[in-house]
Amino acid sequence: MGSLVFCIHHKQGCKWSDELRKLKAHLNTCKHDAIQCPNKCGSQIPRVMMTDHLAFTCILRRAICEFCNVEFTGIGLEEHAGTCSSEPIYCESKCGTRVLRGRMSIHRAKDCAKRLRRCPHCGREFCADTLAVHGATCPRSPVPCPQRCDAGPFARADLDAHLRDECKALTVPCTFKEAGCRFKGPRHLLEAHLEANTSAHLSLMVALSGRQGQQINMLKSAMAKLSTNYTGTLLWKITDWSVKMQEAKTKDGLELVSPPFYTSQYGYKLQASMFLNGNGPGEGTHVSVYIKVLPGEYDALLKWPFSHSVTFTLFEQGTLGSGGGGQGGVAESFVPDPTWENFQRPSTEPDALGFGFPRFVSHDLLNRRPFVRDDTVFLRVKVDPSKIVAV
């Protein structure tokens, strides 16, 4: 019993050391020795931790809720925590407001900025803090007429239709505004204005029609210039050849005329023509081709008589010329004689026929060689100012 021993709780931090006979007395006071909870909760607690146990963890301790000041046992307080009606908590709708738990339902129903409210006009639901913003743009919200007419109020979505079709106070222009009428007044006076100014409106429309006609003619002229050939070479595509040939054989003097073309942008204006059943010496046996000079925009600046060489070429289709040197075909050309009247400066009534080749290509040759394919024929008329000899 006189042996030197350490306290059995020396690993928990007790530093007592003495004779063995004194150990029992020491344990009666050792702060690390476990004793029965005085509240008889059944827990064995070291003396050093008893104060905390009695204050915070003993299930039979007496504790007061910090929010409602009601006294509970320890276990009762744990059950009460999270349900206390007097505890302030943040709104479940995340509006940012702290509200007593017991008043949360009232807050969410009446005060919460994030509660859903139905628009009284369109029936859609919005958060309370955005309903006012919606009200400023709601298509079914009633608004007065901006012209202060006697009608209304109107749903915002219907206001434009009211102003456009019904509002009697709205200032409107005359129906004939585009024609030049300058009337502008309340809609209810428009009908009287129209009845009183029928003749004036008719005159305005006639004038407008005239102006529009001039504009149309100008546009047609501009379009014609854009599509005009200024290269000095016309490649004339003649379709429906068999039908036109048959018609030419039944009608005397049937002439096909090409689109006009120019030798250059400011040059001579020319037009080719063709008699499918021939003309003059070639009638009934040959295809005849001619060219004539038409009155052009720049004739006053050009040199007369017209003296450029002219070459007609009827192309064979799908073949190359001898030696593979180009498209095969029949070609005839001439250089105008200065004494020929056909090539003097044309009057407003140009020569009816022009100059050309009445026996350009025979019907027999036309049928023997591939000039016609897919019921189409190609004739090229080339004007060359650099050549003075026909080739």
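If you go along the chain as it appears here, the first residue is 1 and each next one adds 1.
Note: Cβ is positioned from N, Cα and C throughout, glycine not excepted.
Taking the domain 'TRAF-type' (25-78) as a whole, pLDDT averages 80 in the prediction. Annotation comment: TrEMBL describes 25-78 (among others) as domain 'TRAF-type'.
According to TrEMBL, the feature domain 'TRAF-type' maps to 80-126 (among others).
Among the features that TrEMBL reports, domain 'TRAF-type' is placed at 133-191 (among others).
Residues or ranges marked as domain 'MATH' in TrEMBL: 231-383.
The feature zinc finger is assigned by TrEMBL to 25-78 (among others).
For 80-126 (among others), the entry in TrEMBL reads zinc finger.
Look at TrEMBL and you will find 133-191 (among others) tagged as zinc finger.
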## Note on the structure
Summed over the domain 'TRAF-type' (25-78), the DSSP helix, strand and coil counts are 19 helix, 12 strand, 23 coil
## Note on the structure
The correct DSSP tally for the domain 'TRAF-type' (80-126) reads 12 helix, 11 strand, 24 coil
